[in-house]
Amino acid sequence: GIPCGESCVYIPCITAAIGCSCKSKVCYRN
């Protein structure tokens, strides 16, 4: 639920490397 400061509209979350995932076109962590 914490925004990672990255969008995932066109590309996957690079921040997935630290546990972020795409939700509603924005990368979140928990």
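Indices start at 1 and increase along the chain as displayed.
Using N, Cα and C of the backbone, Cβ positions are placed for all residues, glycine too.
Looking at Cys20, Cys22, the record from Swiss-Prot puts Cys4 in a disulfide bond with Cys20. When the C-alpha distances from Cys4 (disulfide bond) to the disulfide-bonded residues Cys13, Cys22, Cys27 are tabulated, the minimum falls on Cys27. Under 8 Å, Cβ to Cβ, and six or more positions away along its own chain, Cys13 (disulfide bond) finds Cys4, Glu6, Cys20, Ser21, Cys22, Cys27.
Counting other Cβ atoms within 10 Å of each Cβ, the disulfide-bonded residues Cys20, Cys22, Cys27 show the lowest value at Cys22.
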